[in-house]
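Summarising the annotation, TrEMBL assigns domain 'Acyl-CoA dehydrogenase/oxidase N-terminal' to 1-61. If you look up TrEMBL, you'll see 65-160 marked as domain 'Acyl-CoA oxidase/dehydrogenase middle'. TrEMBL lists 172-318 with the feature domain 'Acyl-CoA dehydrogenase/oxidase C-terminal'.
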Amino acid sequence: YGGMGLDFSYNIAVAEELGNIRCGGIPMAIGVQIGMSTPALTRFGSDELKKQFLAPTIAGDFVACLGISEVGTGSDVASIKTTAERKGDEYIINGGKMWITSGSQADWMCLLANTSKGPPHRNKSLICLPMNLPGIHITKKIDKLGMRSSDTNQIIFENVRVPSKNLIGEEGMGFTYQMLQFQEERLWGVATVLTALENIIRETIDYTRQRVAFGQPVLHNQTVHFRLAELATEVELLRSLLYRTLALYLEGNDVTKLASMAKLKAGRLAREVTDSCLQFWGGMGFSSEVLVSRFYRDLRLTSIGGGTDETMLSIICKYMETLPKK
């Protein structure tokens with residue numbers, strides 16, 4: 001379908017390199033395109049659907065978005081309210097999605113909706129939804145704290161009709177497909193954050209070496225260079241966790257626990273590194289001219305998007321409970 005047929009390690013290599021972009025919004029948008037909206041379609045979609053939606057998305061002719069979160073329902077995916085009622089050869093979609101990255105420019109959405117009234121983990125399906133259909137209403141771009149180069153929208157569905165053949169895989173398997181997709185999404189997020197944090201630390205070292213206060217460079221204060229060394233060590237430890245998780249994933253293992261641990265640590269470390277480094281920049285760090293202030297805003301999303309810190313902790317706890325007691 002136009003892709004290179006490489007394994008997921010290449011996605012991570014790309015994600016790390018994209019972390020050199022001097023903002024968070026562009027790597028996030030690319031991640032939505034290649035690692036969040038399309039994996040389920042790639043794995044479980046029909047050949048017809050792949051030709052219609054996947055091939056032009058890989059080619060860059062289509063922009064894709066992912067429709068999961070709703071007003072009042074973010075990380076709690078099982079509680080979504082949007083419905084897709086089957087009538088003949090069509091689904092009729094009603095409801096809405098919130099915080100949709102690339103929502104105002106997307107050509108199609110990988111939509112998660114309730115297709116039956118059964119148990120919440122078995123009543124959901126993923127559907128390829130063209131965004132030019134009647135009944136789709138896209139709000140103006142949401143004004144956000146960070147990720148300001150990324151368009152984020154609320155989208156409302158009113159009796160939107162889509163062919164039933166646009167179903168990805170089996171009806172009722174959407175929740176399961178989405179959970180599989182989340183693991184790659186979280187690892188991608190960790191990889192982009194890693195490079196950004198390294199760059200922030202490197203630029204902070206350069207700045208504090210040049211900035212003189214009380215007769216000496218700021219970097220020559222033991223408190224400063226010890227703190228930067230500590231932060232650099234934490235980033236390297238996170239990289240080791242990412243690579244270990246990736247290796248296990250490529251071997252076909254369930255890495256839900258380790259991916260959740262990496263996502264949790266990435267979000268918290270992003271806050272810790274940007275806050276500590278911004279402090280060492282002094283007043284300049286509070287301006288919009290420097291990288292650290294932008295990432296202070298942009299990377300704050302890491303602890304919220306793709307599953308909050310609290311959600312990651314819940315997942316980790318569940319897996320720990322399955323360990324044999326000594």
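Heads up, the Cβ atoms here are built off N, Cα and C, so glycines get one too.
Those TrEMBL annotations? Automatic predictions, nothing curated.
Summarising model confidence by region, the domain 'Acyl-CoA dehydrogenase/oxidase C-terminal' (172-318) averages a pLDDT of 96. Across the domain 'Acyl-CoA dehydrogenase/oxidase N-terminal' (1-61), DSSP assigns 42 helix, 0 strand, 19 coil. Sorting the domain 'Acyl-CoA dehydrogenase/oxidase C-terminal' (172-318) by DSSP state (H, G, I as helix; E, B as strand; all else coil) yields 123 helix, 5 strand, 19 coil.
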